[in-house]
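The active site, O-(5'-phospho-DNA)-serine intermediate annotation in TrEMBL covers SER11. The domain 'Resolvase/invertase-type recombinase catalytic' annotation in TrEMBL covers 3-139.
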Amino acid sequence: MGQKVGCARVSSLDQNLDRQLELLQAAGASQVYKEKISGSTRHRPQLEEVLRYLRKGDQLIVTSMDRLARSLVDLHTIVEDLVGRGVSVRFLREGQTYSAKADPIAKLMLGLMGSVAEFERSIIKERQAEGIARAKARGVYKGRAKVLTDSQVALARQWVDDGVPKAEVARRLGIGRTTLYKYFRGEAGES
């Protein structure tokens, strides 16, 4: 048997990986790849790295299917790729392990469990949207706080008028270009 490698992910920088790390280490993971990024994001550097790292005979351990992928298609693609390369995939919460020896029932379970996880995510998103709508109706929810003050936006416009490239303006203000463009279009800070 090869290495047991863990993969932990939380969706945002303010979330904590500690519980996942404990579970992965208790399951025997000798190495853990950690990621603080949304699972819906296509580009996930740590996931890409762990997928390149794994070799035949290794086992990838993940605390839950939704920590590995955010869609059923992505889940199937990743698991099928790994199993095809001789890497087994173990999901702790679901109590499932998939390997080259997986029978048709195991494949069916992967689809069912992945579908349930996807359904749970959609319910959570729906509840979140309803909560935001109720908060907006009460005047409580104001959306994301503004990153720039009005005077900073005026300064940014002045720099652009003076010929400073927008990428440089964004760098000076410590924001991304997309955020700068939103301010110029008047979209930033709206709920």
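Each residue, glycine too, has its Cβ placed from N, Cα and C.
All annotation found in TrEMBL is predicted automatically rather than curated by experts.
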Practice prompt. Using DSSP, tally how many residues of the domain 'Resolvase/invertase-type recombinase catalytic' (3-139) sit in helix, strand and coil.
Written response: 69 helix, 24 strand, 44 coil
Worksheet item: So how many other Cβ atoms are close to SER11 (active site, O-(5'-phospho-DNA)-serine intermediate), meaning within 10 Å of its Cβ?
Response: 16
Worksheet item: If you average the pLDDT over the domain 'Resolvase/invertase-type recombinase catalytic' (3-139), what number do you get?
Response: 87
